[in-house]
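Undergrad: First the structure, which I've put down as structure tokens, then a few questions once you've had a look.
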């Protein structure tokens, strides 16, 4: 072939492209499902121990689930209440509450199902994080979204959000938050029919808001996404966010209104400078614990001042922040991912930095559930983009996941019970009086009073433990009002009334309107038969808590003993208006009628009480006496017999039934009841006994 033809042949020959370099990703080239499988297996491993737990009764689970009136029914009235009431546990999250109601209908008070649901949401969230990073950031390597999703799935700071039933709101709002992010991405990418993904985004955002008010930052996050994606800024970019900004404003106002009480009751007294120092320190702590999640705690109290001064670290922290800000500005010029990640972190964390305190904790691990996505992102781009061709980077990513997974696996058992949780808190903060008081409350209110009430040894054990914890709390801070009242309640219930009264007095010196101490002292005074002294405390309590049916009954009891029967009946009526099924109220109302000679009305009220509470033995005795007063002796015998079936050794009921038999000339049964009462040590009237024994009718009612 001539040179000319060879040259022509070379010109006509198509160039052969070099083969693309092979890359290694978690999914491989043909196994795109592998990242999801690895994420699922790691997550299930971490939280496999969460099913072997109980409710954290002393840390919101009682308020949100086991003791909540909102979750016990799915009827129309309850569903209306779920979405209407905005101050449920100082929060408004009706969709989360509805999920608890569904769980209750399925599993009742079995915590396993609730943990399964939490874990399912967390699993879905981990997958959604992978998808959001993959699509929103158009990553070529699966290592980038895998790293972010892996950190999200197994980070030890996220255990609280998943293993704690009360944090269902975290995993639920995040689910809708991430879905809304994906639909917003579709809206931005779509050239026609954009209204469908847009409306879906707004709907999902609304569902996120109804799961937890923390979702209010979503529109601001979308502006950050727009900046990262270099969307052209214009009027429409703002207008499209307006409906979501309006929703954020509405739910933000509702959240502030519902949390006002928590702000007022639990916020420590700090200057603005001190508050800013604490906020800055908390911000740095969140960053520090992202990289080194050690010394974790379910509760982080405000720092203890030394001679009125915060610890020195709070003075050093601002300089650390300035240094980090300088690094951020320097490296942020070259990394759009770093800027977006940090901005995302700050936006989602900003509302919970306690500049205006909500609750008594300075920070909380659950607050990192969404924000840590932002901190993981720049690391993911640095590690993940190099991991395709660098096995060392792959090993670093996997090692980080394994280490965090192991730490989280060991952290989960801390959330198995309120006892384990607050024992762990006290290991971290042994000088915190609130933690001692909280654990004492669990020992008394749940373990001694409910769980082990029929086990004398364990009941005594936890009573002693509760007393110890309350006393430790007071030893650390005698100005802390709650443990005075809580220890007083314990002492009252173990019949140490004078000691209880002393504790209630101390509590009311510190806080004269403290309701637990007011009602505790009122009941203690009533038990000591100081009814007149008890009335002012009942009055003060009911001015503050006029929806407490039991308190009206207790005051009615005091009025009844003071023979102020009209006032007693009025209080019983108030109680029954609040709670028509209150057997105590029907009983004391009936007793007031009985004591004013209105036996028929008394019987009607006693009957209502025993319809509600068939084993109300004391009421049956009084009802029998009312029948006897009306000379309805056969009904009296029948009623006394019912009472004696419940309590065979009730000598008073035996004597009263004897009288009813005697008035029916049934001397055999009458003497048998008298003999039985005498054998129980009841002092018998000798003349009456002989009259019954001999059939003498002179004691019969005319």
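Glycine is no exception: its Cβ is also placed from the backbone N, Cα and C atoms.
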Undergrad: Could you check which of 82-100, 367-385, 424-442, 443-461 is flagged in TrEMBL as transmembrane segment?
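TA: Going through 82-100, 367-385, 424-442, 443-461 one by one, TrEMBL flags 367-385 as transmembrane segment.
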Undergrad: Between the candidate ranges 1-17, 52-68, 171-187, where does TrEMBL place the transmembrane segment annotation?
TA: 171-187
Undergrad: In TrEMBL, one of 392-409, 464-481 is tagged transmembrane segment. Which stretch would that be?
TA: 392-409
Undergrad: Using Cβ atoms only, state whether the transmembrane segment (278-300) and the transmembrane segment (145-165) have three or more pairs under 8 Å that are 6 or more apart in sequence.
TA: yes
Undergrad: Can you tell me which recorded stretch out of 112-133, 145-165, 199-221 has the most Cβ pairs within less than 8 Å of the transmembrane segment (171-187)?
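TA: Result: 199-221.
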Undergrad: Do the transmembrane segment (199-221) and the transmembrane segment (338-355) share at least 3 Cβ pairs under 8 Å, sequence separation 6 or more?
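TA: These two stretches do touch.
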Undergrad: Restricting to the same chain and to residues at least six past its boundaries, which positions have a Cβ under 8 Å from a Cβ of the transmembrane segment (145-165)?
TA: 25-26, 35, 38-39, 42-43, 46-47, 50, 53, 55-56, 59-61, 64-65, 111, 114-115, 118-119, 122-123, 125-127, 129-134, 137, 139, 171, 289-290, 293, 296, 298, 364-366, 368-369, 372-373, 376-377, 379-380, 383-384, 397, 400-401, 404-405, 407-408, 411-412, 414-415
Undergrad: Tell me, please, if the transmembrane segment (392-409) and the transmembrane segment (33-51) are in contact, taking contact as 3+ Cβ pairs under 8 Å between residues separated by 6 or more positions?
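TA: These two segments touch.
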Undergrad: Under a criterion of three or more Cβ pairs within a distance under 8 Å and sequence separation of at least 6, are the transmembrane segment (338-355) and the transmembrane segment (233-257) in contact?
TA: no
Undergrad: Determine which residues of the chain contact the transmembrane segment (33-51) at the Cβ level, with the cut-off under 8 Å and only residues 6 or more beyond its ends counted.
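TA: For the transmembrane segment (33-51), the far contacts come to 26-27, 112, 115-116, 118-119, 122-123, 126-127, 130, 142, 145-146, 149-150, 153-154, 159, 162-163, 401, 405, 408-409, 412-413, 415-416.
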